[in-house]
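Student: Following this message is one structure expressed as structure tokens.
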Amino acid sequence: MQTELGTQESPGRASRMVSNGSRTEGELQAGASQKTQFDPMHSPRTNGGPVDVRRPDFFGHSREEVTRILIQALNDLGYTTAAGNLGEESGCQVESPDVVAFRQAVLAGSWSRAEELLWGRGSTDGQSSGRGLVLAPGADRNSMRFRLRQQKFLELLERRETGRALAVLRNELTPLCAEQHHTLHTLSRLLMCPDAEDLKSKAGWDGANGRSRRNLLTQLSESISPSVMLPEHRLAVLLDELKTSQIDQCLYHTSNEPLTLYTDHICDRSHFPSEVVAELSSPAVETPKQPEEVWQLRFSPDGKRLASCGTEKAVNIWDVEKCKLMQELHGHPKGEIGDLAWSPDSKLLVTCGVDRYAKLWNTDTGECLKVLEGFEEPVSSCVWASDGQSFVTGSFDKWKSLCQWNLLGECVYTWTEAHRTQDVALSRDQRWLVAMDEGRTLHVYNFGTREHMYDLMLNARPTSLSISRDSRHLLVNKTDNEAILIDMETRETMQRYTGHTGGQYTIRSDFGGANENFVISGSEDGHVFIWHKSTATLVHEAEAHHPRCNAVSWSPVDPCLFATCGDDNRIRLWSNKDRARAISASNRQSNGATRGSNDGRHFSEDVWA
């Protein structure tokens, strides 16, 4: 303990619909080498019966909408001739002429022309109705104009035309957001950028020759009525949503394989990791009165190694495939190592100790590369930036509670808010840096600009933080027997997970599984809990450690593998029944590692065979 210092597989229903000359799967297999001549206007078949291809709707869907989406999809696929033929035969247009002109103006950087078309002063038919482009319900024309002018401002700065950029800021942007002082202040600060690269970095923008104009068009298209401008790649978006919906409805989703459109998706429960397949035991000498405890463990990003730490004086690094102890990193003589973090390339490791030091290690050689000193209180947490060139430490030292370090061991920035940091998390997109204090407050910063964004007050003391791979959600475990999922943008609580027990000690939770479909947590009662992330349905609960299960970690490369650790100085690897059955009958114990069957008592060498 770390103190606060059913296996039925529903067959996919492959549609046997034959429409407009298409054939069933069986017919395709049987006659793959035959080219069938088929007249769709005279011989359409659907489920064996005739159908009128000129029916007013398409199986309950708007005929016009489906046709426009198909034309767009054919163009996206490169079948421009087929798209043109379909447009000519159906009489449908994907976009109106004014929208086409607006698109061209935005992509060409013709900002005056784009504004004229937006407001209706530059209609392609030469007749200005004054109404401009048809907008979606609730869309604001001035907001769209602001986006156009902001892009114009940024491009002028990129070309180092600072005088013209300043004029755009004063005369064109300020009237549109006079009350939005923060926005104007942020834009004004960009005038001080010494070069284009600094501008791009601070603005989170990739320049006129990057994708910024296309991204702008995508944003603007959301405000234009789909009756005149289809959202980009609409068919692909609909198919992605269909796949996401099927994954969300799959309670035991454990596959990283791309979903097929031919059949409905479902994962067999037997593939879910519910069995202990290996147990790793530290070689540290234990006494009956005070056994060592494992407080934290993390898989390396490449999934090949697992690092663990706790009351023991060494950090242990395990070979996951062989279940073998590879390295013991000795450098915290007092023990009580509370956290660790792998670099993105799986080569370096940062460790944090109660001894008031953080250390940087080469995990291949076991060499301590740097010792980070100057803390007046314990270093509690650490996390790497996604570029692998720096990392952030959290500390109970109020004056060094949140610091960024480079690989030379130099502190490059210290956040000045005086709070004691207990845990820290950083999003992959480098936008969100979240620090958890010893009370009930989460402090949220913009890692890129280093600005303080907002604070979140919770109803109970948090014990751990995790941010999802897509950088959208924050998972917070709390002492009131609840974990919550928070939308980082809206700050709303999206889901609550209950069943596990908290207390006065650090119990960690995390995301896991294919597509991070699960939330996993340790528990004061020694159990491990796994919920479906979207529905909060409890998928699996099992006894893991005694008396406490302190931390959990899901393999980043294997959706059917996770690890747990506890106060019993044990690490357990969990996988599915197929792997458990693959363990050979020969039992052996070596190199401090015990490999086991589904109850963890009998062990085999060929766990991953």
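Glycine is no exception: its Cβ is also placed from the backbone N, Cα and C atoms.
Because TrEMBL annotations are produced automatically, they should be read as predictions rather than curated entries.
So TrEMBL lists the following for this protein:
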type	residues	note
COMPBIAS	1-10	compositional bias 'Polar residues'
COMPBIAS	584-597	compositional bias 'Polar residues'
COMPBIAS	598-609	compositional bias 'Basic and acidic residues'
DOMAIN	95-164	domain 'CTLH'
REGION	1-53	region 'Disordered'
REGION	584-609	region 'Disordered'
REPEAT	287-328	repeat 'WD'
REPEAT	337-371	repeat 'WD'
REPEAT	542-584	repeat 'WD'
Student: Are there residues at least 6 beyond the ends of the repeat 'WD' (287-328) whose Cβ is under 8 Å from a Cβ of it, and what are they?
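Tutor: Result: 1-2, 278, 280, 334-346, 349, 351, 361, 363, 366, 506, 508, 550-551, 553-558, 561, 563-571, 573, 590-593, 595, 607-608.
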Student: For the repeat 'WD' (542-584), what's the mean pLDDT in this predicted model?
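Tutor: So the average pLDDT across the repeat 'WD' (542-584) works out to 92.
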Student: Using DSSP, what is the helix/strand/coil residue split across the domain 'CTLH' (95-164)?
Tutor: 42 helix, 2 strand, 26 coil
